Amino acid sequence: MRSLLPGREPLAPKVPQITALFWIIKVLSTGMGEATADWLAGISLVLAAAVGLLGFAAAMWLQLRARRYQAWIYWFAVVMLAVFGTMAADGPPIGHLGSAVLYALVLAVVLVRWRRAEGTLSIHSIVTRRREAYYWSTVLATFALGTALGDVTAGDLHLGYLPSGLLFAGVITLPVLARRWGVLGEVGAFWAAYIVTRPLGASFADWLGKPARRGGVGLGDGTVAAVATVLIVALVAWAARASARSRAGAPLPSTIDTVPLPRGPGPGPVPVTRRSQP
């Protein structure tokens, strides 16, 4: 059986194009993950842990086996990482601020190792299994860090859920402005915004789901999770149809591009066949 993780074999791109639809689904997935994890924990901590761990394992197995980007598999992986990341952030008995510091360090280590090993942090370069492993490790760390940051603002700083959501709605514009003003590059702006989507979506999910005595609207975590799931399914179906139309209308591959890989022993750069974009 071929390995699912290490490897330099070329793959088709494994991530979607970064559009407004991508960010909408991403924010919804963070809120859905937060609400689902809290709802399951309210029923049974054992059930929540089992669903989170098994769902995470199944999602990664499907995603890493795929040879190209498939909308349903990719977003299932993101959603399950959102659920699992919530539990990971709530796990360490070191408080919200301690968890935020811990996962910030974890994220920094993953990014440094990825950059040193591959020479780039761009998601457009996810065309080998090793790069994909780094990518999903980074995504998981951002979910855990973002959850902890949201807990710090809502709980430790006593801002509450809605003010926290509004705060992060403002913060997420900073990477956009920094990119426009030339302060951040494309890759740095992407990952900065990616981290903030987690506390943004989770704060609004908590505001809608938690009872009024805790500063929420009181719809219930289960209701929020269900509504978010329906919206995600509808938007992913749209994204999947758009992706299928794009592949159907793309011309046959006619050029071979070289994807840079790290220096060292072993084969040289990996030739990757790329379809021209419509």
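Here, residue 1 is simply the first one shown, and the rest follow in order.
Keep in mind that glycine also has a Cβ here, set from the backbone N, Cα and C atoms.
If you check TrEMBL, you get these features:
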| type | residues | note |
| --- | --- | --- |
| REGION | 254-278 | region 'Disordered' |
| TRANSMEM | 39-62 | transmembrane segment |
| TRANSMEM | 69-88 | transmembrane segment |
| TRANSMEM | 94-112 | transmembrane segment |
| TRANSMEM | 133-154 | transmembrane segment |
| TRANSMEM | 160-178 | transmembrane segment |
| TRANSMEM | 183-202 | transmembrane segment |
| TRANSMEM | 222-240 | transmembrane segment |
Requested in this report: State the non-local partners of the transmembrane segment (222-240) in its own chain: residues 6+ outside its ends, Cβ under 8 Å from one of its Cβ atoms.
Outcome: 16, 21, 24-25, 28-29, 31-32, 35-36, 39, 70-72, 75, 79, 205, 208-209
**Report entry** Highest-contact recorded stretch vs the transmembrane segment (94-112), from 39-62, 69-88, 133-154, 160-178, CB pairs under 8 Å
**Finding:** 133-154
Report task. Would you kindly list the residues that approach the transmembrane segment (160-178) from elsewhere in its chain, counting only those six or more residues past its ends and only Cβ-Cβ distances under 8 Å? Result -> 150, 153-154, 184, 188-190, 192-193, 196-197, 199-200, 203-204, 206-207, 210, 214-216
